[in-house]
Amino acid sequence: MAGGAWGRLACYLEFLKKEELKEFQLLLANKAHSRSSSGETPAQPEKTSGMEVASYLVAQYGEQRAWDLALHTWEQMGLRSLCAQAQEGAGHSPSFPYSPSEPHLGSPSQPTSTAVLMPWIHELPAGCTQGSERRVLRQLPDTSGRRWREISASLLYQALPSSPDHESPSQESPNAPTSTAVLGSWGSPPQPSLAPREQEAPGTQWPLDETSGIYYTEIREREREKSEKGRPPWAAVVGTPPQAHTSLQPHHHPWEPSVRESLCSTWPWKNEDFNQKFTQLLLLQRPHPRSQDPLVKRSWPDYVEENRGHLIEIRDLFGPGLDTQEPRIVILQGAAGIGKSTLARQVKEAWGRGQLYGDRFQHVFYFSCRELAQSKVVSLAELIGKDGTATPAPIRQILSRPERLLFILDGVDEPGWVLQEPSSELCLHWSQPQPADALLGSLLGKTILPEASFLITARTTALQNLIPSLEQARWVEVLGFSESSRKEYFYRYFTDERQAIRAFRLVKSNKELWALCLVPWVSWLACTCLMQQMKRKEKLTLTSKTTTTLCLHYLAQALQAQPLGPQLRDLCSLAAEGIWQKKTLFSPDDLRKHGLDGAIISTFLKMGILQEHPIPLSYSFIHLCFQEFFAAMSYVLEDEKGRGKHSNCIIDLEKTLEAYGIHGLFGASTTRFLLGLLSDEGEREMENIFHCRLSQGRNLMQWVPSLQLLLQPHSLESLHCLYETRNKTFLTQVMAHFEEMGMCVETDMELLVCTFCIKFSRHVKKLQLIEGRQHRSTWSPTMVVLFRWVPVTDAYWQILFSVLKVTRNLKELDLSGNSLSHSAVKSLCKTLRRPRCLLETLRLAGCGLTAEDCKDLAFGLRANQTLTELDLSFNVLTDAGAKHLCQRLRQPSCKLQRLQLVSCGLTSDCCQDLASVLSASPSLKELDLQQNNLDDVGVRLLCEGLRHPACKLIRLGLDQTTLSDEMRQELRALEQEKPQLLIFSRRKPSVMTPTEGLDTGEMSNSTSSLKRQRLGSERAASHVAQANLKLLDVSKIFPIAEIAEESSPEVVPVELLCVPSPASQGDLHTKPLGTDDDFWGPTGPVATEVVDKEKNLYRVHFPVAGSYRWPNTGLCFVMREAVTVEIEFCVWDQFLGEINPQHSWMVAGPLLDIKAEPGAVEAVHLPHFVALQGGHVDTSLFQMAHFKEEGMLLEKPARVELHHIVLENPSFSPLGVLLKMIHNALRFIPVTSVVLLYHRVHPEEVTFHLYLIPSDCSIRKAIDDLEMKFQFVRIHKPPPLTPLYMGCRYTVSGSGSGMLEILPKELELCYRSPGEDQLFSEFYVGHLGSGIRLQVKDKKDETLVWEALVKPGDLMPATTLIPPARIAVPSPLDAPQLLHFVDQYREQLIARVTSVEVVLDKLHGQVLSQEQYERVLAENTRPSQMRKLFSLSQSWDRKCKDGLYQALKETHPHLIMELWEKGSKKGLLPLSS
């Protein structure tokens, strides 16, 4: 340990005489023996030199505590003069990099290489001889620092043959370095290459050959150059000299003996040695944490751009973003062991050296939340005052400029806090003592020091549940090591070049382990195991393919010749108790309670399993992952006592579910370890370690039913757990349960896990891997979506392509947006030639392909007989590439039907070859050549091919804006000659560049993804189109439906024509339309008859075949023929007794009794209220319950959609949606809910009723009817902000001058049948004034879930408003039947109008009243707003609809023009009057 207390201590001990040094060691040994009951190893006397004694003391107690013990011992020895001089020297030595001296108020100056360790030479005691000085000088470093490390390493290793010699990181970091390489050099960061073939992410360096020794020499040379430039030498592995890393056992952590250190950890590698082993991590800045939707969704291109992440350097964490604003809160989020805590501490240390944020922050404070949780009450002033690095300035002065303060909160999610929003209970002043969580809640809630900045580390992405005030935070995900960083890590860990090469080669040859090593903690674990084998001169072997087996290997090596089975069981029990109690620090009493005494504790400390924290004395596992690993072993080892009839796996499941909750269950390392330990290999290793036979009751296959209930098909964490088992039989059974999958994959490790598990699924049809395309509002059925921010290396492309060889059901592969090397393309083409590869669609848009790649693709297509669609858009293929493809496409055996070559750098030179394909290919039906410079010459050549009698093409994509008028006329003539041919153009030029790779392939699908995105999750027509695909002509249902598939209004490059208003055309009129209770179908609204209001019985006659939707209920029918249907809304109460057992099912929707002619209904879409948006609920758990005379029968639905359950060819009886549950999981099911607000005006006051219910139309209707009886009127307000949870309690509050008491103040979200009394809150307002603000919050964490402003205008019925110029009035009953323009294109307008608010503003006061305007705005999506607007328009006359048409024309001219143009082609509308 170069410098700091170690250097000073070594200097003064070297000055002691031999007899004094011996006495010094004996006194220390006596002190240590007096504490041996606490598990400390007694100090060992008879060290031969002061240097050795200093090394031992620092290794055993930590720098600061070793220094304090030395001072105290010198006083006992009577060396008061030496003690005083040492204290004085320490107090005036700010140059020590890690001494407890105070930094200056300004940015710390950067030390030069000659000053790193020199100051303590001048602190030698008076009378120090020249010889002794020379003896010290011999140990000083040269400019590179290498000689110092060599000497200190040698001394430390010789002095401690039996002591631990490996320091370990905190809960988030391995012993080896894991932080970002920005601290290595503060010049400009390395610029990423723009070449599309780059195999590494920005910032990775030195792709050198490890076999030549150049790589190793290059690293050492770079370290020397840094030192020569004036930077301190950078780092050995976690603080111990490199040569000391010859044992498996790491040290416990010595901590400095100050109160500050009991709260804010200072770790033992806090020195130059650690920094020199620094290895770069990948940091990905995101607009939102992974798996969370953005707050505001805009059009699809903007939406994609908003959610695209980018790699970021640590120096830019607090830099301005695209909005030029600098963030105040930065959140470092990542998996366990990924390096977050190390990175956080490095920020503090780099700032202290003047290398980071010196111009931004004057003070930086690091707080470990693990330690902070131990404090009962503390004020911010006390916390800062106890920070050993704080300046001597008064606290008031430090806090006078909060904008210059940075608080680092490490592991904020570890203690299980809920850091509430500001309230009266939170502290408002920095001097006020508070519980630690309240203090942090006040800081983050901005009730104190609102201008301060924060750097927060956490595992979970659900921090907004813990800290509700994080809306403006900058999210940065720590992805781990890149390919080259992993390699560099190995070369820095092993200081011997030959050892480094051997270890690196061995691990890289194990592809699974090499992928797992992107997690720094796993890299450290692998290196440590190999180092131990080298030390023992054993043959190097490391066959682990999972993290579980690697941990078992580590433990087995540490336990050689040390049978500690019973003691290990006690340690496992301690770990499990900590997991249940969210506890990571254990007192000596905690250990004794589990049978762990001083000697055993000392053994575990030396083995590197536990670490000690001296003041106050406590212990923790060396890493939180180790605690989770031992906790998992505790579950497996637990005996059968007290288990009763429950299976072991159920007990294990209940314990982990209790500890982590259903949302965190599969993301927890404990669950992964548990499944890994239950695998065959895991059981064998555990039996060898514990020398026992494990219980036969713990069979991995027993987990299958429970996992099928709990596993989330869109959860990568679930696949991580399955991967740990690597059991084919187990995986086949579990994966067969998945019917559709969708997930986000961003690293080699995640890709490995995903592709491994997919091999065992029989239902996955589509595999999509697109860079930067994280969020989608809809998922295609049976689809896996893979997203990456770092280019996949060739080795892992091969792993991915191996899936195609074994998964015969995979039909579609989308790799758009990923940079493919030439080697990767060759691997893919070899796969395409395999007979077992049955791909039908391949999308490679924006993959950086070249003409040479086209040659390989043509070769791959030669043997493939199944591929029908190929998308190569946005690649610079050039004419040469197109010619290679044409050679294959001309062959009669080629089955390709669709080829997309958008923006591929093509010119007229390749058009002759393309024309020959058009005239020769028997299968090609669609060719997209947009955004290529074909000009008139090239297009004329294409026309010759199109006129050939053998041409089968029916769709041709061309940009016509660059063509001459003569050429355009020729194309129109060609379309007349060939009626089946459609020449389309739907992309704006320059929308995308060849490297962007947006969803070009899906844009041209018969049902485009662009269209699906705009339709959104609530558009019923999307369900209709799917349901009618086989038997119905969609164009008959929605006459203009295919227009949306042909073009997009925002990208049509045509001039706007002057289209007259439909009001001026005498043949356009309206027909009588229905009310909100009507169905909507192919012919418009269909009236619904109320047969029996008391029984909620309705009758409707569907006049023709087609799809019909009931907006008020969400119910949908797909009819084969005209038929009359009766619908009765029932109550569940009378049938619940037939559900056995009751607790295993949850009611998830209304109960309906439908009567219809058998066979007349093709499909029915029944609404449900389970929130599926986040992918937290397994859709296979849904069942349709039929109640017949013989009892309840369950039917598996044909499919589960976002808001509906679909039954095909249904048989009818009372039926409703149920969700299968497990014990105690009800509170984890997200529910779509609504807040119903009613009011009644009295002379003196206004009475309000507020309901919080699941979104069930039958319950809502029952409440409406009840409130109407008491003359209450509903006020329409938006639904809750997020899904809520059954059984949770929510508080209702309000603010306003006339607001009276709310009774009750709490509501529980629960399901009560429509016939039961529903829970509601009642309150009175005496004087409404300008309005009252109502809020509903989660009682547990005070999270705001609903908010609304009630204004006086809300209380006035619409009929009382003064009608404006053209307020909507009913249409005359004798109006002709031809639909108005806005009615004819109703579904198109609902799906594609994006600027709804602008349209509403134009209608406000002219067509819409204030109440109607707010009702429309209250809907939560644009399609819902448009649908509500159209429900109001049903009673409008022609002038009102003309007003809507005019507003739409002004807001969306391209859309209106397109609808007119397409309608005129079909004879539906004239182009002019």
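Heads up, residue numbers simply count up from 1 along the chain you see.
Here the Cβ of each residue, glycine as well, is placed from N, Cα and C on the backbone.
Since the structure is predicted, the reported quantities are computational estimates derived from the model, not experimental observations.
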In Swiss-Prot, the member of SER93, SER188 to which phosphoserine is assigned: SER93
Per Swiss-Prot, the candidate from THR180, THR584, THR866, THR1179 carrying the annotation phosphothreonine: THR180
Phosphoserine according to Swiss-Prot, picked from SER132, SER482, SER1017: SER132
Listed residues SER109, SER170, with the one flagged phosphoserine by Swiss-Prot: SER170
Annotated motif 'ZAKalpha motif 2' segment (source Swiss-Prot; candidates 177-183, 457-463, 877-883, 1381-1387): 177-183
Annotation match for phosphothreonine in Swiss-Prot, from THR114, THR547, THR725: THR114
Among SER113, SER908, SER923, SER1297, residue with annotation phosphoserine (source: Swiss-Prot): SER113
Per-region confidence, the domain 'Pyrin' (1-92) (mean pLDDT, whole number): 70
Other parts of the chain folded back onto the repeat 'LRR 6' (950-973), taken as Cβ under 8 Å at six or more residues beyond its ends: 900, 902, 918-936, 939-940, 942-943, 980-987, 989, 1004, 1053-1054
